[in-house]
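S.K.: There's a structure below that I have some questions on.
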């Protein structure tokens with residue numbers, strides 16, 4: 001992986017080429033990971049519904065899983081090799097051993113271990129006793145996945161960690177020069193969380209829908225595998241497809257419950273994920289229900305007109321009740337005076353409430369900082385200052401020219417009068 005040092009435009013081209021290669025490698029790795037997971041699901045379902053007549057097909061499926069796993073490990077090693085080359089290009093290194101840190105080596109080993117977990121075809125089917133003797137009647141499969149084989153099969157779902165990596169490289173953020181330059185100026189790192197926030201802002205509905213459906217289907221199948229040989233009937237896929245959404249939505253009718261420890265753990269994790277997705281959904285809906293900038297300005301303008309009108313009406317009502325109270329007090333009509341005094345106090349209270357609402361609205365409007373408006377104001381102020389400065393410079397230059405002309409006039413006017421003085425002194 002070492003080589004000559006590449007600088008300037010060649011380094012930029014090399015970086016772009018390495019990122020393109022990383023994108024293709026991450027995409028193919030995700031395809032192989034998905035193929036392996038699909039074959040694993042096919043093997044488990046064939047093992048449950050099939051008999052000894054499907055033993056050869058099951059063995060072939062396991063061999064295909066092993067081949068896809070080997071190819072996936074090769075792609076992961078190639079991807080990290082490209083990452084090391086990219087780091088060398090960015091930092092101007094020649095020795096790859098300097099770029100490969102201990103943490104990165106541990107990450108590579110961990111990824112290889114995680115992606116290498118799969119049910120390997122190490123032994124034949126248990127129902128085949130004599131390979132030379134033909135089977136006269138198909139026997140039912142003696143059991144489902146063993147505990148070790150089930151754990152290895154479910155561990156293949158850990159390969160889904162390749163999805164954020166492929167999405168990051170396919171998003172075009174790392175390949176876009178504008179993103180990189182602006183991000184470098186603002187010290188923003190373009191990692192997986194940035195892409196997640198980007199898609200959450202641009203396509204929140206699609207992202208939440210895909211995430212929710214993916215979690216439902218995955219956890220429903222995992223729960224069916226965990227509960228497949230339990231005493232109750234929770235292991236059927238139809239029951240788990242009902243139990244998982246109910247647990248995900250934190251409803252829990254209680255008509256279907258898990259019977260095994262692994263099933264209870266899956267339901268617990270499903271409830272936690274459901275709470276998190278519900279919080280995301282509430283945040284998205286609340287943001288969608290908010291006014292945008294134009295709607296907020298229109299609403300505030302109309303509310304300002306309404307509060308101003310109410311303030312005028314309240315002030316007029318205060319004056320009216322004050323006059324009525326004064327008139328009935330002068331006439332010694334105590335009953336009517338008390339009635340209008342109560343109305344006067346109520347009108348004063350209403351006027352104060354409306355004025356307080358209007359003041360809060362004004363404070364809210366003033367607290368809304370309009371960036372574009374402030375930019376325009378500052379730009380106009382700068383233009384005015386620049387024009388004033390140029391006008392002042394012109395006036396100073398004009399004044400300097402007039403002073404020079406005045407000096408020349410004075411010198412020409414006083415020069416002939418001062419010349420005869422030496423001759424007169426000589427006489």
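Our numbering is plain: 1 for the first residue shown, then up by one each step along the chain.
Heads up, the Cβ atoms here are built off N, Cα and C, so glycines get one too.
Feature annotation from Swiss-Prot assigns transmembrane segment to 29-49, 59-79, 108-128, 143-163, 207-227, 265-285; the stated evidence is sequence analysis. According to Swiss-Prot, the feature intramembrane segment maps to 241-261, an assignment based on sequence analysis. Taken from Swiss-Prot, the feature region 'Calmodulin-binding' applies to 286-347. Per Swiss-Prot, the feature phosphohistidine maps to 358; the stated evidence is experimental evidence.
Show me how these features fit into the shown structure, please.
M.R.: Through the fold, the transmembrane segment (29-49) approaches residues 57-58, 61-62, 64-65, 68-69, 71-72, 75-76, 79, 115, 118-119, 141, 144-145, 153, 156-157, 159-160, 162-163, 165-166, 221, 225, 228 of its own chain, all at least 6 residues removed from its boundaries and within a Cβ separation under 8 Å.
For the transmembrane segment (59-79), same-chain residues at least 6 beyond its ends with a Cβ under 8 Å from one of its own Cβ atoms are 22, 25-26, 28-29, 32-33, 35-36, 39-40, 42-43, 46, 108, 111-112, 115-116, 118-121, 124-125, 159.
Same-chain residues lying 6 or more positions outside the transmembrane segment (207-227) and placing a CB less than 8 Å from one of its CB atoms are 41, 44, 145, 150, 153-154, 157, 199-200, 234-237, 239-241, 243-245, 248, 258-260, 262-263, 266-267, 269-270, 273, 277, 280-281, 284.
Long-range contacts of the transmembrane segment (265-285) within its own chain (CB-CB distance under 8 A, at least 6 residues past either end) are made by residues 200, 204-205, 208, 211-212, 215, 219, 222-223, 226, 243-244, 247-250, 258.
Taking all protein chains in view, 17 other C-beta atoms sit within 10 angstroms of the C-beta of residue 358 (phosphohistidine).
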S.K.: With DSSP as the reference, give the number of residues of the region 'Calmodulin-binding' (286-347) in helix, strand and coil.
M.R.: 56 helix, 0 strand, 6 coil
S.K.: What three-state secondary structure does DSSP assign to residue 358 (phosphohistidine)?
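M.R.: DSSP call for residue 358 (phosphohistidine): helix.
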